[in-house]
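Going by TrEMBL, these are the annotated features:
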type     : residues : note
TRANSMEM : 26-50    : transmembrane segment
TRANSMEM : 81-102   : transmembrane segment
TRANSMEM : 109-125  : transmembrane segment
DOMAIN   : 129-412  : domain 'NADH:quinone oxidoreductase/Mrp antiporter transmembrane'
TRANSMEM : 131-152  : transmembrane segment
TRANSMEM : 164-186  : transmembrane segment
TRANSMEM : 206-228  : transmembrane segment
TRANSMEM : 235-256  : transmembrane segment
TRANSMEM : 262-286  : transmembrane segment
TRANSMEM : 298-320  : transmembrane segment
TRANSMEM : 326-347  : transmembrane segment
TRANSMEM : 359-382  : transmembrane segment
TRANSMEM : 402-424  : transmembrane segment
Amino acid sequence: MLLTFLFLLLLLGIVGLIFIPSSQKLIMRQFALGITSAVFVSSLFLWLGFDQSTPKFQFVVDSLWLPLANINLILGVDGISLFFILLTTLIFPICLLASWSFNKGKVKPYLISFLGMEFVLLLVFTNLDLLFFYIFFEAVLIPMFLVIGIYGSRERKIRAAYMFFLYTLLGSLFMLIGIIYIYLFAGSTNYEALSVINFSSYDQKWLWFAFFASFASKVPMLPVHIWLPEAHVEAPTAGSVILAGLLLKLGSYGFLRFSLGLFPLASVYFTPFIFSLSLLGVVYTSLTAIRQTDLKRLIAYTSVAHMNLVIIGLFTGTVIGVEAAILQSLSHGFVSSALFLIIGVLYDRWHSRVVKYYGGLTYTMPIFIIIFLFFTMANLGLPGTSSFIGEFLLLVSAFEANSTACFFAAISMILGGGYSLWLFNRIAYGNIKMIGFDLSFREFMVFLPLVLGTLFMGIYPNLFFSAMHATVSNLVWVDLWL
């Protein structure tokens, strides 16, 4: 019932926005923020009522959809999906609060697009049927395409929107072919039913590649990462936050849920391929980030590097590696979202994202610089922050799986320190190039939950590990047994 309540709240928000007159912009913003805040508070009860001792799906909602074809819409929550749901419900009210003064274009379609995205993302993270997963997985593209194409900041926004749409759509067509084959082979697309079916080694390998094509473009992995920097640069600030904080997690979630869950033999077989591709992505995008002059493009490349590190942890085949990858995904959702919001603060004041135009902000915006320093340190893995826990455990698990892979993965931390500290130094110190007012109360409240979440996850990660441990242990144990 709790999951149903979340979706009903969001549907109420979308319908309510439709009937509010377009001239009442403030009321629409307040209504949308109230709905997303209520959804976040309600989602916390999923965590409070979650039974950590079992790997089974909880809060299950089973709706008959195509009973004759044995295809039903089934929703459920386990230790893997729980925190992705909480991250989703937290990020959206932050985005709406951050874009409170955003007035480029009509407000109503903008707000409806964000509530629609939240609705579909929650369906993706809770879905237990492959066919419906694919439908909602692709449906996310529509509102984000509109946000980038309509509310983007520059003339290249249409090109960026089409790059985002086509890259991710074409990759997912292979997954659709795989789902059709699975249905013809097993007679069902139910995830729990398929998890006990032993596909042959040959079937697993080509099905794994079909799903890989879709998830790799979402992470994104090389060479299908080209759309991400372009989409980030052109998207409004809130759109960039959703892209980095949530949409990239669809790739890691898909790998974890389906590639590892349904095709364990193929996952082991292709682990060297994944390691090689991910390490290449980590080093290449880190080096590329160092030479960027656009603030958004720089952070976009760092997102690719961090998410490729997450993929390495997922394919180590160890409980600690998978748990660290999930925690690092959550940490990236906090830290990267905050960095894009920081860039948004600068862009709102001076309408420029070129690094060389900024300097000396320590003297004019001290509170802003303190928050910027905190998330810069979190981005490079400072002890006490969530990124340190995730990255350290990822490297430990990578060393157990392949010491060479661990060595090259560790280089990312050195490169991360290079581009993070150099960027901060150029923005915070030097000659004062622009004079502006410090963070407002609203802007400070946007960053506060992200700061607290990053600290809490870094200081007390066991609270998160304990909730996901039973599910991850069951997944890894079954994979090894098979």
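From the backbone N, Cα and C atoms, a Cβ is placed for every residue, glycine too.
Between the transmembrane segment (298-320) and the transmembrane segment (26-50) there are fewer than 3 Cβ pairs closer than 8 Å, counting only residues 6 or more apart in sequence, so the two stretches are not in contact.
Among the recorded stretches 109-125, 131-152, 402-424, the one sharing the largest number of Cβ pairs closer than 8 Å with the transmembrane segment (81-102) is 109-125. Ranked by Cβ pairs under 8 Å to the transmembrane segment (235-256), the stretches 131-152, 206-228, 262-286, 326-347, 402-424 are led by 326-347. Long-range Cβ contacts of the transmembrane segment (109-125) within its own chain (Cβ-Cβ under 8 Å, at least 6 residues beyond either end) map to 6-7, 10-11, 13-14, 17-18, 28-29, 32, 35-36, 39, 75, 81, 84-85, 88-89, 92, 95-96, 99, 102, 132-133, 136-137, 139-140, 142-144, 146-147, 150-151, 238, 242, 246, 250, 253. Nonlocal intrachain contacts for the transmembrane segment (164-186), taken as residues 6+ away from its ends with a CB within less than 8 angstroms of a stretch CB, comprise 71, 130-131, 134, 137-138, 141, 144-145, 148, 193-194, 197, 199, 203, 206-207, 209-211, 213-214, 216-218, 220, 224, 226-227, 230-231.
If you look at the transmembrane segment (326-347), the same-chain residues 6 or more away from its ends with a CB under 8 A from one of its CBs are 80, 83-84, 87, 91, 94, 98, 153, 232, 237-238, 240-241, 244-246, 248-249, 252-253, 256, 295-296, 299, 302-303, 306-307, 309-310, 313, 353, 358, 368, 371-372, 375, 378-379, 385-387, 389-391, 393-394, 439, 443, 446-447, 450-451, 453-454, 457, 461, 464-465, 468, 472. Packing against the transmembrane segment (402-424) from elsewhere in the chain are residues 275, 279, 282-283, 286-287, 289-290, 295, 298, 302, 305, 309, 312, 355, 372-373, 376-377, 379-381, 391, 394-395: each is 6 or more residues past its ends and has a CB under 8 Å from a CB in it.
Ranked by the number of CB pairs under 8 Å to the transmembrane segment (262-286), the listed stretches 26-50, 131-152, 206-228, 359-382 are led by 206-228.
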